[in-house]
Amino acid sequence: MNLCSSGATASTTSLSSTGQRNGGTSEGGGEGAGGGGGSGGGGGNSSNDGPSEAIHCFGSNGGGGGPEEVFHTSHSHSTANGGGGGGSSNGHSQQHNENNATMPPETRPKMVTVKHPESNKPKPTTKKSKPIQADQDVIKALQRCRDEGIKRLDLSKSSITVIPSTVKECVHLTELYLYSNKIGQLPAEIGCLVNLRNLALNENSLTSLPESLQNCKQLKVLDLRHNKLAEIPPVIYRLRTLTTLYLRFNRITAVADNLRQLVNLTMLSLRENKIRELGSAIGALVNLTTLDVSHNHLEHLPEDIGNCVNLSALDLQHNELLDIPDSIGNLKSLVRLGLRYNRLSSVPATLKNCKSMDEFNVEGNGMTQLPDGMLASLSGLTTITLSRNQFTSYPTGGPAQFTNVYSINLEHNRIDKIPYGIFSRAKGLTKLNMKENMLTALPLDIGTWVNMVELNLATNALQKLPDDIMNLQNLEILILSNNMLKKIPNTIGNMRKLRILDLEENRIEVLPHEIGLLHELQRLILQTNQITMLPRSIGHLSNLTHLSVSENNLQFLPEEIGSLEGLENLYINQNPGLEKLPFELALCQNLKYLNIDKCPLSTIPPEIQAGGPSLVLQWLKMHSPYRQM
């Protein structure tokens, strides 16, 4: 029955009936494609490495989704996997069972119980017949598509090698999903699908496209990610209705001037190719809102980029850019600009016109300064990342440049001081990373950073901490490793919200008794210092799970360590004076890892030590004078 001609909602089909499909793999980038629709929507993977942009295609009953990708210019790699959208799907496994039930006995997969190694050997014909069976299934799916007037067809992840010419009969199709197959070329008959609006061909082996594709004059979304294209197929330049074009992860080396014909494009991804030049044609794409040309070999941008006045996300990271044109200042709608890991020594002062930007990230360049007052002009900034450059001082512009900022990263530069009062207006500043600089002291007004939550001052030359650090009562993470600190002020006990305290590789000899007041502390890292004893108050750290005191001068552990019931990891290795462990350590029932290497423990037999934490704890318990209690 033809559902379309009868007035019913157009159906959707796939090789696994109407069930759910997951999108292909993604590796970041401002892209989203493929399936989804209706009440479902295309799912997939998301990662933090490109402009936030996702496309969900339209369908009646939901269904399979291509990969959905999001990029952020910050150096973050946290990922989350989302499932492919499905309108009324019960999941892939249920589909599999349903399909098995409806397949003829001769093609139904068999359940095999392995009794002998020989029975697990695959049949010689199994692998050879799979592509043939897949291609036969395609023929059946196309017949059904033709007979029922189906508008949405999902043949993704089906091991298809060839699309038969009978595809021309599926003239009702508006969406065709062929991603994650083994297709080397498309038949010319694909051009007969004149109603096609969405075509997903990502994750195949395409090297070209047929010229007949130009007949698909309603095509809006074309996904060609992860193929083997050495150039942008010429026919693409004639698809003037395209609004979204994904060409990520191919082998493209150049962009033809004909690109200017695609004036309706709003999203263009050329990420992860081999492009060395982006011509002036890019300036004709005045409707672009997202442009991703990251991970290429660009050294320059054309001035014409300034004509793309609707751009909100421009990702240029991981190229070889030597400069940015002044015309970048015309992009007043720009929210995110990715410039990480290029070869920039400066950025144009005109960037101060891009007042919609909420993030400024130039990590991994060769910059020594920013234009005067530029950051202050970008009053909407909330995140500033200047790490891994050659800055010797804070940018000029005074406190005004950090008014609305909550995160500042200046890691791995050559800055020797934090100016007094520089954060006096930064009432929302919660995260400051000054790791790997040349700081010798902290500013006297550090006590005014009252909203700070995370402070990283590792790998500097700090010799002391000011007493005013006690005012940072919202601080949860304090990293002071690899400095020259000899002591910790008693006032540290006022920082009651601390969860992580890292003091590794300093010159500390004594810990203050007040450290026992840090009841929220979960990780205490003290390794590579000169500590001779731990304060008895350490037993009050009821939330401590990780304690590292290796490479010190400990003579003993306090009995109170037995109160750390939540302790999971204890590092006391390489303490040459530590000859015995307290029996109370056996009370740490959750201890999973105990490192006692290179400690001259004379009381515990070597074979017990070699047996791991549980055996050591058992031995301590058995030999404890309190064991009868």
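For all residues, glycine too, the Cβ spot is worked out from N, Cα and C.
Among the features that Swiss-Prot reports, compositional bias 'Low complexity' is placed at 1-19. Residues annotated as compositional bias 'Gly residues' in Swiss-Prot: 21-45. Annotation source Swiss-Prot lists region 'Disordered' at 1-133. What Swiss-Prot records for 149-170 is repeat 'LRR 1'. Summarising the annotation, Swiss-Prot assigns repeat 'LRR 2' to 172-193. Summarising the annotation, Swiss-Prot assigns repeat 'LRR 3' to 195-217. Residues or ranges marked as repeat 'LRR 5' by Swiss-Prot: 241-262. Residues or ranges marked as repeat 'LRR 6' by Swiss-Prot: 264-285. The repeat 'LRR 8' annotation in Swiss-Prot covers 310-331. The repeat 'LRR 13' feature in Swiss-Prot is assigned to 428-449. Here Swiss-Prot flags 451-472 as repeat 'LRR 14'. Sequence annotations record features per position, and here Swiss-Prot assigns repeat 'LRR 16' to 497-518. According to Swiss-Prot, the repeat 'LRR 17' annotation covers 520-541. Residues or ranges marked as repeat 'LRR 18' in Swiss-Prot: 543-564. What Swiss-Prot lists as repeat 'LRR 19' is 566-588.
Across the repeat 'LRR 14' (451-472), DSSP helix (H, G, I), strand (E, B) and coil residues number 5 helix, 3 strand, 14 coil. DSSP labels the residues of the repeat 'LRR 5' (241-262) in these numbers: 5 helix, 3 strand, 14 coil. Residues 458, 473-491, 524-541, 548 of the same chain, all 6+ positions outside the repeat 'LRR 16' (497-518), place their C-beta atoms under 8 angstroms from a C-beta of that stretch.
Counting same-chain residues at least six beyond the ends of the repeat 'LRR 3' (195-217), those with a Cβ under 8 angstroms from any Cβ of the stretch are 24-25, 33-35, 57-58, 66-67, 151, 156, 171-189, 223-230, 233-236, 238-239, 241, 246. Helix, strand and coil counts from DSSP across the repeat 'LRR 3' (195-217) read 5 helix, 3 strand, 15 coil. Sequence-remote contacts of a segment are chain residues at least 6 beyond its ends whose Cβ falls under 8 Å from one of its Cβ atoms, and for the repeat 'LRR 13' (428-449) they are 382, 387, 402, 404-422, 455-466, 468-472, 474, 479.
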